[in-house]
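Reviewing the structure listed below.
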Amino acid sequence: MWKEIGDREFGKLRTNLFRNRIKSARISSIQLSNYKDIISPHRGSVNSLQVDLTEGRYLLSSASDASVAVYDVQRATDYDGSGLIAKHKHIFLVEKQHEQGHKYAISTAIWYPIDTGLFITGSYDHYVNVWDTNTTQVVINFKLPGKVYKTAMSPVATSHMLIAAGSEDVQVRLCDISSGAFTHTLSGHRDGVMSVEWSASSEWVLVTGGCDGAIRFWDIRRAGCFRVLDQSHSQLGRRPTLLTRSTANKSSMLKSSSGGPSSSAKGRPSQKKMENGVSIKQSAIARQVRGAGKQRLHPGMLSSQDRATAHYGAVNGLKVTNDGMYLLSAGSDSRLRLWDIESGCNTLVNYETSRLQATKAIQLTISHDSTLAFVPCMSTTKAFDLWSGKTMMDLRGHYENVNCCLYNSLDQELYTSGNDRKILVWSPREVTTELEERDGQGFAIDQDNWSD
């Protein structure tokens, strides 16, 4: 780290590059925090965690005892151990006894993307509730035909306020907060939908993973899904960057142009003439133009591709990278797969052996620079290199299965929780300890040996 600081002082590193390197170094050294503790009030397994997208300050958690709580992760409510350990207790708690509370386990809780004044919960009592944070009262609720597994709102949406809800019903429903009604019903899955995720680059694209092993892409402006991921449709590794591709295209164009006009004339196929003097190529183009008016089927609606599967079991976890170019999926077959969203190909990244939960949805998270993927693996949380699949860290601290993990890019902290009802904080090793060690060594060297 001292080398990066020196390079930044001399102007060898730009500000953004310096910041990203420091963040990457911090996240690669995370450990169980010994100076921050979140006191969980839940009496059941914690199923979801989310930090608000506006300030990165308020942590929202939901649990199987039908309770939901909010914490301030930046301002401690109390200190323990001579002021060294910051205790973060809940700001408020909505329990089952609340007059408008859920009756059964809350499987998912999310913040309204642009304001902490609202949050949304989904429960096994078939309801999706929209809550006013200030009054802890339900503003709108939606009743679904089955247990609600997952809800999601688009972080980049500017023209709609839709909540995507996946349940044990085969249809995905979009709930509109502004009208209080269902606006879309997305049909295509053959079993319940355990995971839903909006695209990070388009407010109209929704990704869903079902118990039938299928991952479907939807454009909510059109009918039907436009892509179904197939695990047998693959490409090796990451696709080249735009700069690399542009360089390759220029070189290929130069090679083709170096052949000269004679070579292009030789390579041009002869076009056969019909009786009326119109070439076969021109007639084919005319047929294509005439057929353009007919409605074309989405690739996901074709019978050969509609039954494609991404996993040999339920898809119980989805996470899109921050740039919106790749999708990480987890399945009950204990497999992790990385997908190229543009081509729909399986990148064939071989993630090291890990055992995943098969009976409920799990929450995955990816670091700010899309290099590490944190995955709940039974009672541990593993950090995988997103592009090689190698296990970089094995975080052990929970006594039972881990259900969810969340990365806070503002503080470079990781929050995990599970069936043991605990919320653990994993934070980088403090830089002050290195400074203290360096100062201590310098003091030991420079001290004078006074005679008695």
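Glycine is treated like the rest: Cβ placed from N, Cα and C.
Remember, TrEMBL labels are computer predictions, not curated facts.
Going by TrEMBL, these are the annotated features:
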{"type": "COMPBIAS", "residues": "250-268", "note": "compositional bias 'Low complexity'"}
{"type": "REGION", "residues": "237-277", "note": "region 'Disordered'"}
{"type": "REPEAT", "residues": "39-74", "note": "repeat 'WD'"}
{"type": "REPEAT", "residues": "99-141", "note": "repeat 'WD'"}
{"type": "REPEAT", "residues": "186-228", "note": "repeat 'WD'"}
{"type": "REPEAT", "residues": "308-349", "note": "repeat 'WD'"}
{"type": "REPEAT", "residues": "395-427", "note": "repeat 'WD'"}
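The highest tally of CB pairs under 8 A with the repeat 'WD' (308-349), across 39-74, 186-228, 395-427, is held by 186-228. Remote same-chain residues near the repeat 'WD' (395-427) are listed as 23, 26-27, 30-33, 35-38, 40, 42-51, 56-57, 59, 61, 63, 73-74, 357, 360, 362-368, 374-383 (criterion: CB distance under 8 Å, separation of at least six residues from the stretch ends). Taking H, G and I as helix, E and B as strand and the rest as coil, DSSP gives the repeat 'WD' (395-427) the counts 0 helix, 20 strand, 13 coil. Secondary structure of the repeat 'WD' (99-141), assigned with DSSP and counted as helix (H, G, I), strand (E, B) and coil, comes to 0 helix, 23 strand, 20 coil. Within the model, the repeat 'WD' (308-349) carries an average pLDDT of 93.
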